[in-house]
Amino acid sequence: MSHIKAPIVDTERRRRRSTAESSDTQWDHDPRVYRRTSQCDRLCVDIGSHVAETPSPDVSHQYTPKCLSAHKGGTTPFHYGEEIWQDGSSLKTTIRAENEVEANKLANNYRFGFRKWKSHVTERPIEDRSDIVRELYSELNFVRPQGSLITCGNIAYLILFGLWISLAYLLVCVLMFLTIIGVPYGKLCWKLSCYFLWPFGKSILKPRSLVRRCCVKFPHCEAIPEESDSKEVKESTPLLMPPSVPIEVPPQRTRYWCRVSTYVWLLLGYPLLGLIHGLACFLSWILVFTIPVAKMNARTLAIILLMPPEDVHIHRLKKPQGCESQVLLCCYHAFNWYYYKYTMDGINVFAVNLLPLVITTLVVGYVDTDNQFVSSEAKFTAAVSSIIPLSYYIGMGIASISAQSNFAVGAVVNATFGSITEMTFYITALLRGHQAGTKCYEEIVKAALTGTLLGCILFIPGISMIIGGFKHREQRFNSRSAGVSSALLFISIGGVFAPTLFSKAYGSLVCAGCTSSPANTSGPFTCKDCHYDMSGSNEPLYLRHIEPLVYTISVLLPSAYLIGLIFTLKTHSHIYDIQVSDGHDHHQGQCPPGGANMAGASGGHGTVVHWSRLRALSVLIMATLLMAACADLTTEHIKPILDHSAISQYFIGVTVLAMVPEIPEIFNGIQFALQNNISLSLEVGNCIAVQVCMIQIPLLILFNTFYDVGFMLLFSDLHLWASIFSVIVVNYIFMDGKSDYFQGTALVVVYLILLALYFFAPSPPAC
């Protein structure tokens, strides 16, 4: 017996040591990340083990600045995307990433002309996440220490879901008792009716003879709900139990399918409850923050209701359960604010939930062409809302391809797809206006262009400063790099509005509605509308002077954009002072412009990327096609709103059509600011504004050259002075390299003042 007992004791000692060194608690662990060890190691966890989470050191890469160890004479704690400052204008930037792909993505965020992206493009191991995030991905089948169960979210569950689900179970319970044969299921429905009325602090258990064998040797363990095959059980059993304990074979479930009551239940009870649980699952999933309710209903529908009724036991969790049963369902809270972080295959849950809206919008929009079932206003609203998730998918695809490719490929992808959302709307609107023979759509496009500039210059930096300033008293950014973006912004605005200034200097003043007093014919005329003729009707001025100027500017602006790329990425890349360092040997070296230098790093091996380059490219192409269809529906159904709305068409263009596609960018800027990375928050807006002026507008001019839709680069006075004033205000705010919530409030207030001007402005003459 001694030669058998020794391996048993040694196995138990190793199990306890590994449990003590574990970085995760039992209730937080995800079943998908368990290592395949012995059966009892996967079924038993020491109840008292709880050690702080420690990420694996061999998958950590750092971008660290020069002389970082001498900063303030001590060490500095690192966080993902944290920026470390010294006195002066130079910026010391530290970037930490889990693997090489993430490091390349973070480096792309600091490159000029690249779209800033916050979300991860690779799969993060669940054991490396925080306790809060790990709880989001739990399957609600783990027992953990419970806190207060009387919360606002749980009370809301009682009103919105609990009462109705419990009532449905009562009705099915009566139905099962009436059939006589289904009495066991009637008793089950009664128990589940009481459970779903208030499921918090209760658990649904299933007896397990397999776990009972483990408890012979480890009486203080708790069952981890994981099934395993019988072959592995037989292999692991001799090491886990003394020879005197007989090996129990799991009970066969063939008798369950031989019962008549089972088929009565599947025909009468299960479909009704399936409908109720499916509806509750759908509604709670759409609300996002109530995803625990969706998981609870889905798990009930897929597992609990398909089990023999005698195997389902409900217990109140007054103390941790023993390991004689398997936890099937255990919920503590129905509401969790942190579910805005929840992702599926790297896709945020909000983007997942809005994808059916895109499909529904396209089907209804192109099937119900006569607006018999859905009004034109509703179609317009749905089409505009569909742009939000498509913008997210395009951004995710761009970030995925850029992070897995070299600099040249990333630059091409960002230049081609970075503005595809706006360009699809602008081109479809100009085409529809050309077909209808009206200049109203052209004015809407110009209003949308100006609104994008104002929102990216004022609103995105302003709201990021406000929210970031509430968490961090004062935030600093690299004033030199911000100066480069500001200079390019000045060049962009000057180039875009140069033809407008030229037309005002040399155009003809046209007055309309002029009258004079009948009694005094020699007196001055009273004119209601005087303006400079900036239309194509003034052919000598436009064809000989303005049109060549527009073509010249459309060549110079992209050239300035290219020079900005060379300046910030090649010749003067030291402005950003981004360094690469391995977390083990502290080897430091400057990050080259073409990619992340991961010298000595091994985190790229075994990295699981959410989207491969082929898949990301497919998503980009598909999202672009869907975006074009949604933009076509938007322009098709915007005319009734323009005709019957009391609001100025200018206001619709600068708000709805301009800022809805930028909603993902707004959230990215806010998340950067919350992480004390205000530099990227400011670059989010500046990057979009520069791309509008230096890429999108020249592309529109190029499109108009090959297919004349009547687009002229001549803006109204309101667009001109609002844009110039915004650039001046922003450059004044950015001079000191500091930001707080007061400066952010100033930018947002200026933005709201300009929106008020557009709200009360008269509609364009063409509309």
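Just so it is clear, glycine is given a Cβ too, placed from its N, Cα and C backbone atoms.
TrEMBL does not curate its annotations; it predicts them automatically.
A quick note: this is a predicted structure, and the numbers were derived from the prediction, not measured.
Positions annotated as domain 'Inner membrane component' by TrEMBL: 152-202. Sequence annotations record features per position, and here TrEMBL assigns domain 'Sodium/calcium exchanger membrane region' to 383-498, 617-758. Among the features that TrEMBL reports, region 'Disordered' is placed at 1-30. The transmembrane segment feature in TrEMBL is assigned to 155-183, 263-289, 347-366, 378-395, 407-427, 447-470, 482-502, 549-569, 616-635, 647-667, 688-707, 713-734 (among others).
Sorting the domain 'Inner membrane component' (152-202) by DSSP state (H, G, I as helix; E, B as strand; all else coil) yields 42 helix, 2 strand, 7 coil. Secondary structure of the domain 'Sodium/calcium exchanger membrane region' (383-498) per DSSP, as helix, strand and coil residue counts: 101 helix, 2 strand, 13 coil.
Only sequence-distant pairs (6 or more apart) were considered; of these, fewer than three Cβ pairs between the domain 'Sodium/calcium exchanger membrane region' (383-498) and the domain 'Inner membrane component' (152-202) are under 8 A, so the stretches are not in contact.
Between the transmembrane segment (688-707) and the listed ranges 263-289, 549-569, 616-635, the one holding the most Cβ pairs under 8 Å is 549-569.
A Cβ distance under 8 Å defines the sequence-distant neighbours of the transmembrane segment (155-183), meaning residues of its chain 6+ beyond its ends; these are 189-190, 192-194, 196-199, 260-261, 264-265, 268-269, 272-273, 276-277, 280, 283-284, 290, 293, 297, 334-335.
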